[in-house]
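Annotated N6-(pyridoxal phosphate)lysine per Swiss-Prot: K68, in sequence order. Marked as pyridoxal 5'-phosphate binding site by Swiss-Prot: Y204, Y211, T253, G279, N280. What Swiss-Prot lists as Zn(2+) binding site is H385, C387.
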Amino acid sequence: MASNVDKFSSRFYLNVNKEELKKEYVGKTIQQVPTPGFVIDEAIFEKNCNRMLDRASDIGVTFRAHVKTHKTIEGTLLQLGDGRTKAVVVSTLMEGFSLIPLILEGKIDDLLYGLPVAKSRLPELYELSKIVPHLRLMIDNPKQLDILREFTSTLPDDAKPWSIFVKIDMGTHRAGVTNDSQVVKDLISTILSDKSLFDLFGFYCHAGHSYASRSIDAASEFLCAEIDAANTAAKFATSIDPSLKLTLSVGATPTAHSVSPKVKELLPTLSGKLEVHAGNYPMNDVQQMITKCISQADVADYVFAEVISNYPGRNGEPGEVLVNAGVIAMSRETSPEGDFGIVITPGFESFYVDRLSQEHGILKSKDPKATLPDASQVLCIIPNHSCITAAAFPWYYITKGSDVITDIWVPWKGW
């Protein structure tokens, strides 16, 4: 018997092709395509990008766009704002290499690889450094300098020095060195002692713990702490070499949202040029809503899933709902309330993702009088962490202010 399986959406997973996907889906509504899927409202995405660029320019600082949330050419172009910035951060080399078309067009001229260097990836970083005018590396351990020195000894004599951001840990306790440690002083001194090999570009701070903010004012306090930490390191560096022209790069999406004119007052006191960086802000998610730095109207993305069963009265009223989006589609990131995402479909806003298995989720309602959605109902769910949720999907359905699909974005995969 002849099979027609190649007419279904599963065929696109084997060879994700933007143009073929557009032919299949553009013009359809979200209710007309297979579930689960990931949607980005391009109008909100662009508005968020422009607002962030405006914040930076209004106070006279530069902006560096982190592309790791969406991992697409289309999203990156919106973050760059038609030449308003040419500086980016990437979390993977796949992101870096995928941006080469924009580098060759002159739209990107400054690229930071946002992890401390790994020895196994240095050959790729070196090749990338030949393409982008300014490749920046992140350093937070003396061993990384040894690795760079060893690798550079294998390169041609005319290899340019490595441009370096020293990562400062100002409370998040992921990567970075603290200003009260001897390590940071040794790192700076070592970098400055060999200018044929290293070029100290500046200091980088990321207040990941600013997601604990519950107001713009609270986020602003974290931003000031980021600036102070970067400036403390810069003051030590300039005490060794007063001629240094340093960049102080600070930001997380909550702190970047809190950039205000009062930051401008700090600029003359700093031992370097201030740069703001952020990545989640074009899309946003539940965790950003909880900071109170944005509203639901600023969230550009959601997962759409389909009700496949419901269970009236189970585990309390009104019961529970089974949808075809689980851990892989939603991620295991929880909100402070313990849920995994919130439903925004009109009529079902009281529902939230209560628990997850690999490929299905269980929804509950905060309202015991709510009506359970029936099987086949499509629900839109804002994820807790859009960066991780988006990474699960092979393509994104793009809309502009409605549920009609206007484009397809295909994200880069791998490391």
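FYI, residue positions are counted from 1 along the chain as it appears here.
Cβ atoms here come from the backbone N, Cα and C positions, even for glycine.
Mapped onto this structure are the features recorded in Swiss-Prot.
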{"residue": "K68", "record": "N6-(pyridoxal phosphate)lysine", "DSSP class": "coil"}
{"residue": "Y204", "record": "pyridoxal 5'-phosphate binding site", "DSSP class": "strand"}
{"residue": "Y211", "record": "pyridoxal 5'-phosphate binding site", "DSSP class": "helix"}
{"residue": "T253", "record": "pyridoxal 5'-phosphate binding site", "DSSP class": "helix"}
{"residue": "G279", "record": "pyridoxal 5'-phosphate binding site", "DSSP class": "coil"}
{"residue": "H385", "record": "Zn(2+) binding site", "DSSP class": "coil"}
Other CB atoms within 10 A, centred on Y211 (pyridoxal 5'-phosphate binding site): 21
Using Cα positions only, nearest of the binding-site residues to K68 (N6-(pyridoxal phosphate)lysine) (T253, N280, H385): N280
Distance, C387 (Zn(2+) binding site) to G279 (pyridoxal 5'-phosphate binding site) (CA atoms, angstrom): 9
Cα within 10 Å of H385 (Zn(2+) binding site) - qualifying binding-site residues among Y204, Y211, T253, N280: N280
Sparsest Cβ surroundings (other CB atoms within 10 Å) among the binding-site residues T253, N280: N280
Spatial neighbours of C387 (Zn(2+) binding site) among the binding-site residues Y204, Y211, T253, N280 [C-alpha, 10 Å]: N280
Neighbour count (Cβ, 10 Å) for G279 (pyridoxal 5'-phosphate binding site): 25
Site extent for pyridoxal 5'-phosphate, whole Å (max Cα pair distance, Y204, Y211, T253, G279, N280): 18
Sparsest Cβ surroundings (other CB atoms within 10 Å) among the recorded positions K68, H385: K68
